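Engineer: Provided herewith is a single structure, encoded as structure tokens, for subsequent inquiry.
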């Protein structure tokens, strides 16, 4: 049973006496200081997790009480999630961290139907929430008082005086010839109910971004996790589940030549994915995060309609803003191009939606109707195969009940009847020495050797192979 952590916030709001403060998100002129105080109410005998599945916060904004409901984002990581960095001698070092008890949440404000929230609870509360049509950010204050947080509107963050930042995709650039203009579409309400799709993301951080954050891999990792948490939330409107499959940090040197020319860098990254990356990681769409300043104020670029293509299912994004959400909007924008979307035009009646060509001063987390039409057409015309595969059963989390043939929260294996020799029936944990309990790539409690066929192809499709690192049968990245 999912436990609910009730947190009452004793809020003290102090008007700031001064010109501004500097936070990780930027310089602020107007903000509120809040002091959260946790009061936990768990049922008798319940075991408290480090990060609860559900949380509730009560506090005030502009003197008015609000109740923030949060639920852990269960779909954030793929079952075979890996983190990769490099040793000084260039060796690839891969880790498979346990991410079940992570600290990333989605939520809403009570009695506000249009509200949303994306919050990290890793080190205090950090993220954003939408309240009465306005976006607020919250983050810890780096003061001696560790409980102090700042709450502020996005519009109150001082903006740099620089030309508008924009996407580098030109209309019809590298698009499939059969992608139609939104004005030509006749999409019925039935079609608008998008079929469920699943995108496994690979994020690759270049050496420039690694240097930008002083070689602090932990800080970069948390930042990327927050980005994916935001992307996951934005893509729900399209009935797309986005999970992070691999995070690779180029800690020693760049593995491609990252140039100021966005088109050149994108071409090089796509070629590298096709020839190198797909041979060693399982993912559907790869993005390069870079600190490089591209020519022409460009902050991102991606092939239109490239999803599932070995060379074109890619995007490049500049880490252009201290606020995670703003960069996440750009990442979602570029992935939108891969899903067949063009930029919003005047007829779309939305100059601040995700697919706007120029980054808005008030970034939106919504897709326009034009974008939805483009996406529907892309699915109809091309039916990209790599995003059809549903998450493995370990992505399904519910109340732990032994023997229901699902891996539940806290279970390593299903310990129902008949008895699983790899599974301790008392704890639903793997027995000592066991790597797995079941799955197409599990045999006698061990992962099956890499390269073994685990799913035979149908028709003109391709066989799927075990990777030697997980019990699931990963989707062949070269599927059409």
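The backbone N, Cα and C atoms fix where each Cβ goes, glycine too.
Bear in mind that the values here come from a model prediction, so they are computed numbers and not experimental data.
Below, the features straight out of Swiss-Prot:
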type: ACT_SITE; residues: 334; note: active site
type: DISULFID; residues: 308-386; note: disulfide bond
type: DISULFID; residues: 348-370; note: disulfide bond
type: DISULFID; residues: 350-353; note: disulfide bond
type: DISULFID; residues: 413-428; note: disulfide bond
type: DISULFID; residues: 415-423; note: disulfide bond
type: DISULFID; residues: 422-445; note: disulfide bond
type: DISULFID; residues: 436-442; note: disulfide bond
type: DISULFID; residues: 441-466; note: disulfide bond
type: DISULFID; residues: 454-473; note: disulfide bond
type: DOMAIN; residues: 197-391; note: domain 'Peptidase M12B'
type: DOMAIN; residues: 399-480; note: domain 'Disintegrin'
type: SIGNAL; residues: 1-20; note: signal peptide
Engineer: Whole-number answer please: how many Å between the C-alpha atoms of residue 428 (disulfide bond) and residue 436 (disulfide bond)?
Structural biologist: 12
Engineer: Going by DSSP, give the three-state secondary structure for the residue listed as 'active site'.
Structural biologist: helix
Engineer: Which secondary structure state does DSSP assign to residue 370 (disulfide bond), in the simple three-class scheme?
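Structural biologist: Reduced to three states, the DSSP call for residue 370 (disulfide bond) is helix.
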Engineer: Just checking the disulfide-bonded residues 348, 370, 423, 466: which sit within 10 A of residue 442 (disulfide bond), CA to CA?
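Structural biologist: Of everything listed, what lies within 10 Å of residue 442 (disulfide bond) (Cα to Cα) is 466.
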Engineer: Let me know how many other Cβ atoms fall within 10 Å of the Cβ of residue 473 (disulfide bond).
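Structural biologist: Excluding its own Cβ, the number within 10 Å is 21.
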Engineer: Of the recorded positions listed here (308, 334, 386, 466), which is spatially closest to residue 423 (disulfide bond) when Cα positions are compared?
Structural biologist: 466
Engineer: Within 10 Å of residue 422 (disulfide bond) (Cα-Cα), which of the recorded positions 308, 334, 348, 386, 436?
Structural biologist: 436
Engineer: Do any of 334, 370, 386, 454, 473 (recorded positions) have a CA within 10 A of residue 441 (disulfide bond), and if so which?
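Structural biologist: Near residue 441 (disulfide bond), where near means Cα within 10 Å, the recorded positions are 454, 473.
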Engineer: Other than its own, how many Cβ atoms are within 10 Å of the Cβ belonging to residue 436 (disulfide bond)?
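Structural biologist: For residue 436 (disulfide bond), the count of other Cβ atoms within 10 Å is 21.
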Engineer: Measuring Cα to Cα, how many angstrom lie between residue 445 (disulfide bond) and residue 308 (disulfide bond)?
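Structural biologist: Computed Cα spacing between residue 445 (disulfide bond) and residue 308 (disulfide bond) is 33 Å.
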Engineer: Averaged over the whole of the domain 'Disintegrin' (399-480), what is the pLDDT?
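Structural biologist: Mean pLDDT, the domain 'Disintegrin' (399-480): 70.
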Engineer: In DSSP terms, helix, strand or coil for residue 423 (disulfide bond)?
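Structural biologist: Going by the DSSP assignment, residue 423 (disulfide bond) falls within a strand, counted as strand.
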